[in-house]
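Asks: Sharing the record's features from Swiss-Prot:
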- S100: active site, proton donor (ACT_SITE)
- Y114: active site, proton donor (ACT_SITE)
- K118: active site, lowers pKa of active site Tyr (ACT_SITE)
- D22, N49, K82, Y114, K118: NADP(+) binding site (BINDING)
Amino acid sequence: MREPKNAKVLSRLENVLVTQLDVNNFSSIKKSVEKAISHFGRIDVLLNNAGYSVYSPLESTTEEQIHNIFNTNVFGALEVIKAITPIFRSQHNGMIINVSSIGGKMTFPLGCLYYGTKYAIEGISEALTWEMQSIGVKVKIIEPGFTATEFRVEEGAGKHYAEYDNLKQKLYEDLLPKLKTATPPQKIAEVILQAATDESDELRYPTGDYVVEWMALRSKVDDATFLATHRKQMGL
């Protein structure tokens, strides 16, 4: 994990090794993989869960924000997968679980950067199944909705434009009630455990309140109808 000092509870558990890993630091990725192999002798499952979001008009974001979110949410995940693949290949066994989001299947206002990273994770994960199957490795995607965690959310650090204020207000009016009834992280953890142990070839695991019904609606109607329905629900 990024800050091992925060892992007091985990460190007390049996058969748990906590190492420092920052997905934006390839050296720390390599060292963590090496320590895991040295300690356990093998690695069975990789869970890619690092990420954060930026909610802002694209025009109000900075170049640094754009690069940082893709570095963490996408390129960091790729680096971890690349570092661990030789281990899985030598074992001819393993599993990659990538945490995506409902935002990897549909979007909400002002989240083009975040949802862009999640759509990337969806495509990367599905494409990886082809090559990973050749070395005995399964790939799974977890697709949670709103989750009750201390998830990092940034606003745009660039210039403010009043033309987007109404959209921003409507977004928070729509999202805040959903956040109050967000899915407990324990339920997401249960789905991750299921994905890791059910021995199926299932690729995607949508989970959480609203997610299944939204995805069902998304698959049943054309883009114009879905977007119009969503705009109407948000009063836009």
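Note: Cβ is positioned from N, Cα and C throughout, glycine not excepted.
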Asks: Going by Cα-Cα distance, pick out whichever of the active-site residues S100, Y114, K118 is nearest to N49 (NADP(+) binding site).
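Replies: Closest by Cα: S100.
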Asks: Name the residue among the recorded positions N49, S100 whose Cβ has the smallest number of other Cβ atoms within 10 Å.
Replies: N49
Asks: Out of D22, K82, K118, give me whichever of these recorded positions has the highest number of other Cβ atoms within 10 Å.
Replies: K118
Asks: Let me know how many other Cβ atoms fall within 10 Å of the Cβ of Y114 (active site, proton donor).
Replies: 24
Asks: Select the closest residue to S100 (active site, proton donor) from the following recorded positions, measuring between CA atoms: D22, K82, Y114, K118.
Replies: K118
Asks: According to DSSP, does N49 (NADP(+) binding site) sit in a helix, a strand, or coil?
Replies: coil
Asks: What whole-number distance in angstrom separates the two most remote CA atoms of the NADP(+)-binding residues D22, N49, K82, Y114, K118?
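Replies: Those residues reach a largest Cα separation of 22 Å.
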Asks: Taking only the Cα atoms, work out how far K118 (active site, lowers pKa of active site Tyr) lies from K82 (NADP(+) binding site), in Å, as a whole number.
Replies: 18
Asks: Determine, from DSSP, whether D22 (NADP(+) binding site) sits in helix, strand or coil.
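Replies: Where D22 (NADP(+) binding site) sits, the three-state DSSP reduction gives coil.
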Asks: If one measures from the C-alpha of Y114 (active site, proton donor) to the C-alpha of D22 (NADP(+) binding site), what distance in angstrom results, rounded to a whole number?
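Replies: Their Cα atoms are separated by 19 Å.
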